[in-house]
Each structure stands twice: as structure tokens, then as C-alpha cells.
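As annotated by TrEMBL, active site, proton donor applies to His703. Marked as 5-methyltetrahydropteroyltri-L-glutamate binding site by TrEMBL: Arg15, Glu16, Leu17, Lys18, Lys116, Asn121, Arg524, Cys525, Trp570, Glu614. Annotation source TrEMBL lists L-methionine binding site at Ile440, Gly441, Ser442, Glu493, Asp608. The L-homocysteine binding site feature in TrEMBL is assigned to Ile440, Gly441, Ser442, Glu493, Asp608. Look at TrEMBL and you will find His650, Cys652, Glu674, Cys735 tagged as Zn(2+) binding site. According to TrEMBL, the Zn(2+) 1 binding site annotation covers His650, Cys652, Glu674, Cys735. As annotated by TrEMBL, compositional bias 'Low complexity' applies to 421-431. Annotated domain 'Cobalamin-independent methionine synthase MetE N-terminal' per TrEMBL: 3-319, in sequence order. The domain 'Cobalamin-independent methionine synthase MetE C-terminal/archaeal' annotation in TrEMBL covers 435-757. Among the features that TrEMBL reports, region 'Disordered' is placed at 413-443.
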Amino acid sequence: MTTTVLGYPRIGADRELKRATESFWAGGIDAPALDAVGARLRRTVWEALRDAGIAHIPSNTFSYYDHVLDTAVLFDAVPPRFAGVAAGRDGREAELARYFAMARGADDVPPLEMTKWFDTNYHYLVPELSPATRPRLAGRKPLSEYCQARGLGMETRPVLVGPLTFLLLAKPAADAPPGWRPLELLDDLLACYAALLDELGAAGAGWVQLDEPILATDAGRAALPELERAYARLGRVAGRPRLLVQTYFGSIGPDAVAALKRTAVEAIGLDLVTAPDSLRDLAAVSGLGERTLVAGVVDGRNVWRTDVPAALSTLTSLLGLAGEVVVSTSCSLLHVPIDLDAETGLDPALRERLAFARQKADEVVLLGRRLAGGEQAPGAGAGWTRAAAPVPASFVDQRVRARLDALGDAAERVDHEQRSAARAGSAASAAPPLLPTTTIGSFPQTDEVRAARAAHRAGGIDRTEYERRMRAEIDRVIALQEDIGLDVLVHGEPERNDMVQYFAEQLAGYASTRHGWVQSYGSRCVRPPILFGDVSRPEPMTVEWTTYAQSRTARPVKGMLTGPVTMLAWSFVRDDQPPAETARQVALALRDEVADLERAGIRHIQVDEAALRESLPLREEDRADYLTWAVGAFRLATSGVGTTTWIHSHMCYSEFGRIVGAIDALDADVTSVEAARSHMELVEDLAAAGYRRGIGPGVYDIHSPRVPSVAEIEASLRAALRAVRSDRLWVNPDCGLKTRGYAEVEPALRNMVEAARRVRADLAAD
Ligand SMILES: Nc1nc2c(c(=O)[nH]1)N[C@@H](CNc1ccc(C(=O)N[C@@H](CCC(=O)N[C@@H](CCC(=O)N[C@@H](CCC(=O)O)C(=O)O)C(=O)O)C(=O)O)cc1)CN2
Ligand code: MET
Ligand SMILES: [Zn+2]
């Protein structure tokens with residue numbers, strides 16, 4: 001029985017990729033040095049998979065920034081504004097400069113838009129296409145990585161983003177005519193894929209994997225004629241490698257399987273973890289015939305050990321439905337940390353239930369051996385089974401369950417309209433001026449702040465000294481905000497390593513890792529905590545920092561919490577109960593924190609639901625249920641407040657149109673959302689939906705180091721005012737500032753405040 005994985009983390013066990021790219025951007029290393037790191041990282045991955053015993057090793061899963069960006073560059077789908085970048089330089093330096101400019105922007109050239117990769121916390125860059133785009137095979141990355149592996153004695157399967165997924169994830173460029181869709185480039189693009197397949201075949205590649213996760217979405221399922229046309233065309237390429245069309249993140253439905261069966265592709269890959277009903281889809285089309293089925297039975301995006309008997313029984317039931325069954329992960333292992341062996345500090349009762357990327361590769365191999373030869377097969381241990389490992393009593397907390405039961409659905413708060421009226425009549429919550437200026441919460445995480453935390457962790461400075469330094473940072477951030485003239489201040493979140501991990505570290509039922517890094521975007525990584533048991537809050541989490549900040553200023557300071565949906569979305573979450581249930585436990589803990597903040601005199605409390613949109617199920621039919629529990633959890637967390645406290649929320653990458661109803665239902669007084677990169681599109685959605693609350697459409701893009709001009713921000717505000725009543729419009733950047741430096745943040749915020757003043761003056765004059 002043969003085995004594979006669909007992709008592997010590319011950042012390196014010690015985040016070597018982050019260090020190398022950031023050093024390259026800062027001018028610390030040159031292109032050959034960066035390329036040497038890339039080559040070493042690829043080699044390490046291939047060797048790890050080979051040594052684990054994986055039969056079919058993937059290649060081209062490496063990327064300096066993002067695999068969708070790589071695909072755009074490979075096919076020369078580069079918007080014209082990047083043509084002038086790196087003028088005067090040539091060769092590899094120029095190539096890399098252009099590549100990173102597309103990801104991060106350069107001088108006056110804004111980058112591509114960035115958004116979430118399906119329902120994960122990984123971000124890809126959105127290709128911009130137009131009728132003027134002339135796709136051509138412009139690069140050699142898949143080929144050269146294949147050749148690198150071959151030179152090391154390893155035969156690999158190059159992995160490509162498939163044509164349908166690439167086009168459906170792309171957006172029409174600003175100059176595309178209205179109604180034009182990137183899918184119109186399909187035939188041109190197929191010619192490029194065909195040329196690439198030809199090259200890869202000539203180089204000796206036996207297989208190529210084309211990833212089509214878009215088939216798990218409604219958009220993908222609506223494009224089955226194009227799917228069939230695409231793979232019929234690629235199937236006809238003479239001398240090509242065998243083709244694996246790989247799907248993941250959800251079921252693709254029997255029609256998509258049937259469409260692929262009508263083409264010459266040799267293998268189809270299905271995610272049997274997220275979508276166990278794929279089995280039914282296969283049966284509905286009488287299986288794959290002689291084709292190979294790549295069966296994703298090892299969860300590629302959560303950290304729980306595979307229940308071996310359960311996976312074996314799935315695999316066994318697949319045997320009659322395909323010519324061959326290949327044991328695999330459900331998706332790329334990009335989404336999990338690299339090696340559990342590095343985590344020596346975890347509770348053994350938890351640790352024995354976990355598997356990271358390396359351990360998952362071992363599980364795939366074990367399943368392959370068991371399926372081929374039974375328990376007696378060489379190297380085939382019995383494998384882990386959930387049935388033999390009941391949940392430890394220490395993971396359960398009956399008090400949390402009892403409290404939630406007692407609360408029932410009774411936890412409702414006074415609604416926004418009433419709160420807004422109460423505030424109007426209350427001196428305690430003096431209204432902010434028209435177009436209030438604020439930020440999303442974090443200020444730059446400076447080297448000093450991170451170094452202090454690292455020193456504290458390593459025992460170099462004690463807790464008192466650490467806290468003294470954090471307070472000094474808060475002093476600085478408060479003074480700066482007053483000087484800039486912001487209206488609603490924040491403490492800046494210097495004490496937080498991450499907005500999810502920080503809370504997870506203080507909540508019972510959650511564990512954190514030391515080295516469990518996962519790529520979020522480009523060089524930025526997170527260590528998703530592990531939510532393994534019933535959640536509760538032993539002690540207040542943010543009250544001291546927030547009240548300290550408030551003590552330093554007469555202006556209101558906004559308390560800052562991470563909401564239940566986001567706490568789940570950016571963690572690895574127990575899979576033994578519905579997420580709705582887990583979210584309620586987190587919400588209950590937050591509810592206590594909200595109450596403590598309010599009692600301590602904090603008048604503005606922001607509960608970030610940054611991940612509300614990305615967690616939206618991929619299929620329309622699953623969305624209503626999700627939104628019901630997501631909104632319910634937010635309301636539970638915020639329903640303890642009195643009438644004069646302002647509830648704020650924040651969302652990233654919101655594609656507002658899709659969830660404006662849910663945002664309304666959160667009943668926050670003010671919601672700040674990403675809008676800068678999507679050019680205030682949301683404002684129109686808002687007007688259309690009749691949204692009645694405060695809204696802060698981000699007026700500039702914090703993901704890029706560019707400093708926006710006053711005029712630019714002013715224009716955004718005026719655009720927003722066409723759709724939003726002036727007493728509901730808030731002025732803020734589109735996300736937290738932690739990834740930026742003060743050199744950019746300070747002028748940007750000054751420009752933002754100045755733009756708000758100018759627009760305010762005009763409003764007053766009207
Ligand atoms: N979980 C999560 N998901 C999210 C976001 C988010 O904020 N959190 N934001 C959106 C965008 N994604 C982002 C993801 C990561 C970062 C980010 O800044 N990550 C940092 C790491 C943050 C962190 O955990 N910092 C720790 C550890 C820092 C560190 O690397 N320490 C060094 C040593 C410290 C030193 O000497 O400098 C080490 O451990 O090796 C801390 O501050 O304590 C990075 O990659 O650089 C930003 C945005 C969407 N998804
Ligand atoms: C990714 S959303 C970020 C929200 C958080 N309050 C911050 O400002 O960093
Ligand atoms: Zn955000």
C-alpha cells in the first residue's frame with residue numbers, strides 16, 4: 001500500500017525561513033544567500049519524508065512567501081504596476097525584488113491584496129487578472145525544485161495550484177471591464193499548464209499534483225463544466241506526467257467526481273477527515289474505476305493523533321472503489337507545527353494524544369503498512385486508538401458545564417439602540433467627537449518588548465522587571481496617542497505575544513507550545529494553542545494592564561479582548577464536542593473578564609472577532625448554523641455589560657457583504673473592519689444592508705509599510721460618508737499595528753487624525 005502527504009511546513013523547525021527573508025528585506029543577506037537557505041529547507045523536508053518512509057514525496061511545496069503568488073509569477077500574471085520595480089537591477093535580485101513587491105508593496109506600488117486561504121489562518125495573495133493579462137510560462141520553479149530533489153536522489157511529485165482554483169481565487173484587476181471574470185482566461189492559462197506538464201514530463205516527473213480545493217466551495221461546484229474542460233485538455237498533453245487532481249477542506253460532491261472521471265486524470269484526492277461523506281459521493285458514482293484514490297485520512301490541519309482502527313476501517317471500505325488507494329493526509333501539513341518531539345514541556349496526558357507534521361507522516365506510513373500487511377507487517381505497531389485512551393478526568397470541569405446550563409439562553413443584553421440612548425443621557429460616557437479616531441489595539445511590538453519577554457522567559461529578568469518594562473511601554477504608547485490627538489486610546493498590547501496565545505496561556509483547558517510555529521503569512525508565524533478540555537478563567541486576564549493605561553490619561557482607554565470564535569479559529573480545538581459548545585465555554589470566561597473591566601471603570605471594551613469571516617463554512621448550506629452559534633457566543637461574552645459601556649468589535653478581511661447580517665446581529669456599538677485593501681467596497685454593502693450601528697472601515701492598510709497620505713485617507717472617509725451617517729463613522733486603520741514600526745505608524749496615524757479633522761471641519765460647516 002503506497003503513501004504520501006500533500007505538503008509539508010516550509011518555514012523550518014527553527015523558523016529559518018522567517019529569519020532569512022526578513023534579513024534579505026533588511027539588506028542583511030543577498031539573493032544567493034537567501035536561495036541557499038531555500039535549497040536547504042527543501043532538502044530537509046524531502047529527507048524527513050523519505051526517512052519517515054513516505055513513498056511519494058511532494059515537491060514545489062516550498063515558497064518564499066506564498067504558493068498562490070508563486071503561481072501568479074510562474075504564469076506571468078503580474079500586474080503592470082510592478083513592471084518598474086527593481087528597474088536598474090537584474091537577474092535574481094530583480095526577480096526577488098519584484099516578487100516581494102507583489103507581496104509587500106514597494107515605495108508607491110501597493111501590493112496584491114491578501115486574504116485567507118479558505119477557512120484556515122493561512123493567507124494567500126490574490127492574483128489580479130484582466131483581459132490584458134497574457135499568461136505565459138515565465139518561470140521554472142516547479143521544474144528546478146523537481147530537479148533539485150532528483151539531484152539528491154529523490155523522485156518527487158511537483159505540486160501546483162490547479163487552474164480552476166487559481167482563477168476562482170483571483171480577482172478582476174481595477175481596469176477589467178465590469179462583469180469580466182478571471183475564468184475567461186482559462187484556455188490561455190491551460191496552454192501554460194500544458195507547457196509546464198510537458199517540461200516536467202520531459203524532465204522525468206512521473207506524477208504532478210494539481211490542487212483544486214476550490215471544489216469544496218460553492219464557487220468551485222458551480223464551475224464543473226470548466227473543471228471538466230480543464231482536465232480534459234491537460235489530459236491530452238503528450239508526454240505529460242500522470243495527473244493527481246487533489247481536493248481538500250470539504251466534500252466536492254458526486255458531480256465533481258463524475259466530471260473528473262470523464263477526463264484522463266489518473267488520480268483523484270479526497271479529504272475524508274473534513275468530509276467523511278466523500279465516501280458516499282464515491283459510491284454514488286460507482287467509484288473511480290481503474291483510477292487511483294488518494295485518501296486523506298490523517299488530519300492535516302489539527303493536531304490530534306489519528307484513531308488508527310477508525311482510519312483503517314475507512315481505508316478498507318475504499319478499497320473496492322478505486323484501482324489503487326494511496327494513504328495520505330487530508331490537506332497539506334502546512335497548517336500544523338513541525339515536530340512534537342520539540343515540545344518537552346507539555347502535560348504527558350495531552351502529549352500522548354498529539355501528532356504534528358513529522359508524527360503525521362509516521363501515521364500515514366503506519367496506516368499504509370497496516371493496510372497492506374495487517375498488524376504483522378514489518379514496522380506496523382498497533383497504532384493509537386481513541387477507544388483505548390479515554391479523556392483524562394483532568395480535562396473535564398463540571399463547574400463550567402453547570403454554569404453554562406444555569407445561564408441557558410437567558411444571557412441577553414440591552415440592545416444597541418437603548419445603549420446609545422442611555423449614553424446620550426449619561427455624563428459618565430461623554431460622547432466622543434464626530435468621526436472619532438481610534439486604533440485596533442496593538443502598537444508596534446518593538447525589539448525591546450520582544451527581547452524583554454524573551455529575557456523573562458529565559459529567567460534573565462524577573463516578573464517585576466518585566467512588568468515595569470511593559471508599563472513603561474504603555475506610558476509611551478499613551479503619551480504618543482495623546483500627542484497625535486487620537487480620541488479613544490488603547491494600551492497597545494505590548495504584554496501579548498499573540499492575541500490568541502496570550503489568553504490561552506491564562507485560561508484553564510488550553511495548552512501552549514514553545515516551538516509549535518505555523519506560517520500565517522509570509523514571514524509571520526503563530527503558535528496556535530491547543531484547546532483540549534473544558535475552558536475557564538482562573539483569574540482576571542487584562543484588568544491590571546488596562547486600568548494601568550487608563551490611569552495615565554483622561555481620555556477613554558479601550559479594553560481589548562479576543563472573542564470566542566477567534567479563540568477557536570486560531571487554536572487547535574478538541575474535536576470530541578461541537579465547536580458551538582466549546583465556543584460557549586470560552587464566551588463564559590470572557591464574559592467574566594468583560595464584567596471585571598467594566599467594574600474597574602473601563603467604558604469601551606473591544607471584543608475582537610477577527611476570524612468571524614474566515615471561519616464561515618465554505619458551503620452556503622452550512623452557514624446559517626455557524627453564524628447562529630458564532631453570534632450567540634459573542635453575545636454571551638458581551639451580554640453582561642450595563643447600558644453605558646461601549647462594545648466594540650473588530651474583524652479582518654471581512655468581505656462585509658457576506659456577513660453584514662451577522663455583524664449586525666453581534667449588536668456591537670462599533671465594528672472596525674478591514675477595508676483599505678478592498679477599496680471601501682464594503683461601504684456599499686453596508687448601505688445596501690441598512691446597517692444601523694457604528695462602523696470603522698479601515699482607512700489604511702497596515703499590512704504594508706507604506707504611509708498613507710492625508711489626501712488618500714480623506715478621500716476614503718468621504719467615500720464612506722456617502723454610505724454611512726456621519727454620527728456612525730469611526731476612523732481607524734484596518735487592523736492592529738503590531739507588525740509595523742514606529743517610523744511608519746506615527747506619521748500614518750498623524751495623517752489619519754489630520755484627515756478626520758479636515759472632514760469634520762467640512763461636516764461642521766455644512
Ligand atoms: N494567531 C493569530 N492569527 C492571526 C493574527 C494574529 O494576530 N494572531 N493576525 C492576522 C494576521 N496574522 C499574523 C500572524 C502573526 C503575526 C506576528 O507578528 N507574528 C510574530 C510572532 C508573534 C509572537 O508570537 N511573538 C512572541 C515570540 C516572539 C519571538 O519570536 N521570540 C523569539 C525570541 C525573542 C527575541 O529575542 O526577539 C523566539 O521565541 O525565538 C512574543 O512576542 O513573545 C512573528 O511571526 O514574528 C502577525 C499577524 C490573522 N491571523
Ligand atoms: C488580527 S486582528 C488584531 C486585533 C488586535 N486587537 C490588534 O490590534 O492587534
Ligand atoms: Zn485585524
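Including glycine, each Cβ sits where the backbone N, Cα and C put it.
Caution: TrEMBL annotation is automatic and unverified by curators.
On the structure: features taken from TrEMBL.
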residue: Lys116; record: 5-methyltetrahydropteroyltri-L-glutamate binding site; Cβ within 10 Å: 21
residue: Gly441; record: L-methionine binding site; Cβ within 10 Å: 26
residue: Ser442; record: L-methionine binding site; Cβ within 10 Å: 23
residue: Glu493; record: L-methionine binding site; Cβ within 10 Å: 26
residue: Arg524; record: 5-methyltetrahydropteroyltri-L-glutamate binding site; Cβ within 10 Å: 13
residue: His650; record: Zn(2+) binding site; Cβ within 10 Å: 29
residue: Cys652; record: Zn(2+) binding site; Cβ within 10 Å: 25
residue: Glu674; record: Zn(2+) binding site; Cβ within 10 Å: 28
residue: His703; record: active site, proton donor; Cβ within 10 Å: 23
residue: Cys735; record: Zn(2+) binding site; Cβ within 10 Å: 26
Q) Checking the recorded positions Trp570, Cys652, His703, Cys735: which ones have Cβ within under 6 Å of ligand 3? A) Cys652, Cys735
Q) Do any of Leu17, Ser442, Glu493, Asp608, His703 (recorded positions) have a CA within 10 A of Cys652 (Zn(2+) binding site), and if so which? A) Asp608
**Q.** Of the recorded positions listed as Glu493, Asp608, Glu674, His703, the one whose CA lies nearest the CA of Trp570 (5-methyltetrahydropteroyltri-L-glutamate binding site)
**A.** Asp608
Q. Counting all other Cβ atoms within 10 Å across every protein chain shown, which of the binding-site residues Leu17, Ile440 scores highest?
A. Ile440
Q) Under a threshold of 6 Å between Cβ and any atom of ligand 2, which of the recorded positions Arg15, Lys116, Trp570, His703 are retained? A) none
Q: From the recorded positions listed here (Arg524, Trp570, His650, Glu674, His703), select those whose CB sits under 6 A from an atom of ligand 1.
A: Arg524, Trp570
**Q.** Secondary structure content, the region 'Disordered' (413-443) (per DSSP, counts of residues)
**A.** 12 helix, 3 strand, 16 coil
Q: Measuring C-alpha to C-alpha, could you say which of the binding-site residues Leu17, Lys116, Arg524, Cys735 are within 10 Å of Ile440 (L-methionine binding site)?
A: Cys735
Q.
My understanding is the cutoff is Cβ-Cβ under 8 Å with a sequence separation of 6 or more in the same chain; which residues meet that for Arg15 (5-methyltetrahydropteroyltri-L-glutamate binding site)?
A. Trp517, Cys525
Q: Averaged across the domain 'Cobalamin-independent methionine synthase MetE N-terminal' (3-319), what pLDDT does the model get? Just tell me the whole number, please.
A: 97
**Q.** Candidates Arg524, His650, Glu674, His703, Cys735 (recorded positions) - the one closest to Ser442 (L-methionine binding site) by CA
**A.** Cys735
Q.
Same chain only, sequence gap of 6 or more: which residues have a CB within under 8 Å of the CB of Asp608 (L-methionine binding site)?
A. Ile440, Gly441, Met499, Met560, Leu561, Thr562, Gly563, Thr566, Ser649, His650, Met651
**Q.** DSSP-derived class (H/G/I helix, E/B strand, else coil) of Lys116 (5-methyltetrahydropteroyltri-L-glutamate binding site)
**A.** strand
Q.
Around the L-homocysteine site formed by Ile440, Gly441, Ser442, Glu493, Asp608, which additional residues qualify by having Cβ within 8 Å of the site's Cβ center?
A. Thr439, Val490, Met499, Met560, Gln606, His650, Gly736, Leu737, Lys738
Q) Of Leu17, Lys116, Glu493, His703, which recorded positions come within 10 Å of Cys735 (Zn(2+) binding site), going by C-alpha to C-alpha distance? A) His703
Q.
Within 10 Å of Leu17 (5-methyltetrahydropteroyltri-L-glutamate binding site) (Cα to Cα), which of the recorded positions Glu493, Glu674, His703 do you find?
A. none
